[in-house]
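A.B. asks: My structure is below; once you've seen it, I'll send some questions.
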Amino acid sequence: MTTDELFYIENGEKDLFFISPGRKRDFSPVSWSQYFESMEDVEVENETGKDTFRVYKSGSEGPVLLLLHGGGHSALSWAVFTAAIISRVQCRIVALDLRGHGETKVKNSEDLSAETMAKDVGNVVEAMYGDLPPPIMLIGHSMGGAIAVHTTSSNLVPSLLGLCMIDVVEGTAMDALNSMQNFLRGRPKTFKSLENAIEWSVKSGQIRNLESARVSMVGQVKQCEGITSPEGSKSIVEGIIEEEEEDEEGSESVNKRKKEDDMETKKDHPYTWRIELAKTEKYWDGWFRGLSNLFLSCPIPKLLLLAGVDRLDKDLTIGQMQGKFQMQVLPQCGHAVHEDAPDKVAEAVATFLIRHRFAEPIGGFQCVFPGC
């Protein structure tokens, strides 16, 4: 799961690929409007005032596919998938920036508990559709998949007709948590430009699909408000991570130089991560513990999409053998399955929707029913 990368390290190693010398690739950012039809900030009333949730939308007919991104990512991670699924079946897309992520603004952005985020999903649906929401299918990647399950099990979306988890399994997720802090410390803290961040995401293997990275990374990083780090700052220059040496002079001189260095870092490397995932550690266990049984107990049609069959834990293996959910493995993908292979994920979701008669095919789309 990733940061979702939280849990991109589930398989125990980072997947890297290399670009052949002399091949020029375009790492410039791309606007959300090339993939979504509209954007909306949905206001949700609560005890302390109003929270505002950013959503991106497409489509005008059919069931709503409510898309929940992974930790550290944003609704923009669904951009290329949205274009792919809209061309296959009649449906409406609502991709949501969860609290603490993307352009969503809430009073308490540090509360990323499963309970709070599941309530957010229910509140956004109510704010958008009132007491009579349309049929909705929840689709979540990694952390977002866990939140989709918690939302479903708590019956927070009354018109729910289906549930899809993408590359999140309790067993491998819990195992990966022990390595998460080391993984996060190994990432660059700043980038000199959006292009630089996009290039890093592709070359590091976080996102294997350059098209998706060019729109998705815009939602993962922001312009720096100020950089302070007692360990010396990590920055990335032209795809190579460099670590500055710590100053060993007297403390007064060090502090003065540190402030100057911070200003230079901000000037030279003006982009950093939108969310400090390391600070969310206290919530990780709550996202994933008991997830497999919760998923199996949800009384609606369910789909599990995985990057590898080795990710299955015991409970899900038994449940799959008993036919409690549909599963499809999409090989040659990284953890960000819906970004790396958006057409394959769209085909699997479209087939699921048509098989259960939740949506009508368009554009001559032909279902290919998987064997599992």
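First residue shown is number 1, and so on along the chain.
Backbone N, Cα and C define each Cβ position, glycine as well.
Values in this document were obtained by computation on a predicted structure and should not be read as measured data.
In case it helps, TrEMBL gives these features for our protein:
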{"type": "DOMAIN", "residues": "65-348", "note": "domain 'AB hydrolase-1'"}
{"type": "ACT_SITE", "residues": "Ser142", "note": "active site"}
{"type": "ACT_SITE", "residues": "Asp167", "note": "active site"}
{"type": "COMPBIAS", "residues": "241-251", "note": "compositional bias 'Acidic residues'"}
{"type": "REGION", "residues": "241-266", "note": "region 'Disordered'"}
{"type": "COMPBIAS", "residues": "254-266", "note": "compositional bias 'Basic and acidic residues'"}
{"type": "ACT_SITE", "residues": "His335", "note": "active site"}
A.B. asks: Whole-number answer please: how many Å between the C-alpha atoms of Ser142 (active site) and Asp167 (active site)?
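C.D. replies: Each residue's Cα considered, Ser142 (active site) and Asp167 (active site) end up 6 Å apart.
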A.B. asks: Let me check the 10 A CB neighbour count of Asp167 (active site). How many other CB atoms are there?
C.D. replies: 29
